Amino acid sequence: MNNYNNGDYKGGREQHFGGNNNYNRGYGGNGGFGGNRYNERVELTTPDWDLESLPKFEKNFYTEHPDVAARSDKDIAAFRNEHQMSCLGSDIPHPITTFDEAGFPEYVLNEVKAQGFPSPTAIQCQGWPMALSGRDMVGIAATGSGKTLSYCLPAIVHINAQPLLSPGDGPVVLVLAPTRELAVQIQQECSKFGSSSRIRNTCVYGGAPKGQQIRDLARGVEIVIATPGRLIDMLEMGKTNLKRVTYLVLDEADRMLDMGFEPQIRKIVDQIRPDRQTLMWSATWPKEVQNLARDYLQDPIQVRIGSLELAASHTITQVVEVISEYEKRDRLVKHLETATTEKESKVLIFASTKKTCDEVTSYLRADGWPALAIHGDKQQSERDWVLREFKTGKSPIMVATDVAARGIDVKGINFVINFDMPGNIEDYVHRIGRTGRGGATGTAVSFFTDGNNKLGGDLCKIMREAKQTIPPELQRFDRKSFGAHIRYGGGRGGRGGYGRGRGGYGGRGGYGQRNYQTGSNQAPLSNRRF
């Protein structure tokens, strides 16, 4: 899949499914994306859709594999039960168990096999037949479960079945995501698996110059991955349109609503023909997401992996220390000393505010720890650089706010430290879920203070379900219910369990690109530790 941002477009895509190239029955052709001379904005209004006059399009590409068709209802129920899979809706296709059973065209299957995946994930086993069948669907699964490929590969098949883009046409596939980091990661997957089809894509998000994004849209792209706010900017400026969109994805729908994007989502979806295929993906299923699905999905089918009851992964060791605010820094350093016993470990530290994020980063660097900060006040170029340094291990400690960390998928995070507790238990589970992925083990350390008392009951419930050791201070708090006052002192509990001693990160390199660094990321790095 060609990615304009990487400058590797080599020409138009091939038609794997055929179709009529003379696509001139009402889409596109709006005289280009130039907008007016002064880039005046035009308020978006909901089109009066006449489905009879809209060009027809194909969205059902699924043919059940003979091996899948031969399985008994008992076998299917056993498979779903084994993978904690539950489905809702009518005429739900049976799950597949291998890549070959999915029914992908050979050009897609070859891309998948080239990546060396042993087998589909649970969400892919059920999600692919659903998506390929053209149905509106809801997928509920944890972050890191393989949901991106669950909609990305069917999107490639969908695009190749549609007529080629004409000048002035907008995208065929639109993916909405809550953050620029997640949008970029989705784009990377789309580029990786669509290379043989020469499908073009671009990422449209805030915090970056509009010029390159506008040029990408003007050249024509089959896939747009966007954050809601920046996409509305482009639509109101006349730089793109959604008339060709027949495959819509809402990724991390719960997070988008948490971040207040519901009005923008509704405004965008109203610009898309109502007979499109819509796929909604979410880690949770709150009423707000249900209402959005009810308004925009037609006769949807749903697959859920795991229970709707909020739970933390059992591969994560949860350590909670009940301490005071002034003890946090000393405790943080002690845990970093423990974390460095694993040579190539990565540590993700969460802070509640941008100010705290910078203060912790500056403190750690002055103490000799190779830490970098990422939050919303950083320019996109610096955020990208920090993320690269963290992923490669050149800076193995990253301090982040919740918003900056949403959508970031980094492999090999061994430790998560909640320097500040989040405001709700859902964010706690989401934070600590950055470690212990894919069956690996991980450790999550949380500093619980008097200001976090409202979380006490829910935190005990999460830890108890995961069979974790609850420190006595937290147990006392749980018995007194919400709002109880905690007297600090005595043992902290939960500190053991993953070893002690100090190792090393193998040098202090990786800080050459100083032009990216601002604020706390420019704080001098002491040689005290390494």
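Keep in mind that glycine also has a Cβ here, set from the backbone N, Cα and C atoms.
These come from Swiss-Prot:
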BINDING   A141, A142, T143, G144, S145, G146, K147, T148  ATP binding site
COMPBIAS  493-512  compositional bias 'Gly residues'
COMPBIAS  514-530  compositional bias 'Polar residues'
DOMAIN    128-303  domain 'Helicase ATP-binding'
DOMAIN    318-478  domain 'Helicase C-terminal'
MOTIF     97-125  motif 'Q motif'
MOTIF     251-254  motif 'DEAD box'
Key: Three-class DSSP secondary structure - T148 (ATP binding site)   = helix
Key: DSSP-derived helix, strand and coil totals, residue by residue, for the motif 'DEAD box' (251-254)   = 2 helix, 0 strand, 2 coil
Remark   = When pLDDT is averaged across the motif 'DEAD box' (251-254), the result is 93
Composition by DSSP (helix, strand, coil) of residues within the motif 'Q motif' (97-125) = 16 helix, 0 strand, 13 coil
Note = Students should find that the Cβ of T143 (ATP binding site) has, within 10 Å, a number of other Cβ atoms equal to 18
Key: CB within-chain contacts under 8 A for S145 (ATP binding site), separation at least 6   = T121, A122, I123, I305
Key: Sequence-distant neighbours of A142 (ATP binding site) in its chain (C-beta under 8 A, six or more apart)   = A283, I305, G306, S313, G433
Remark   = Sequence-ordered list of residues in the chain of T148 (ATP binding site) that lie 6 or more positions away and have a Cβ within less than 8 Å of its Cβ, or none, is Q185, I186, E189, D251
Query = Taking the centroid of the Cβ atoms of A141, A142, T143, G144, S145, G146, K147, T148 (ATP site), which other same-chain residues have Cβ within 8 Å of it?
reply = T121, I123, A283
Query = Out of these binding-site residues, A141, G144, which one has the fewest other C-beta atoms within 10 Å of its own C-beta?
reply = G144
Key: Which listed residue (G146, K147) has most other Cβ within 10 Å, given these are binding-site residues   = K147
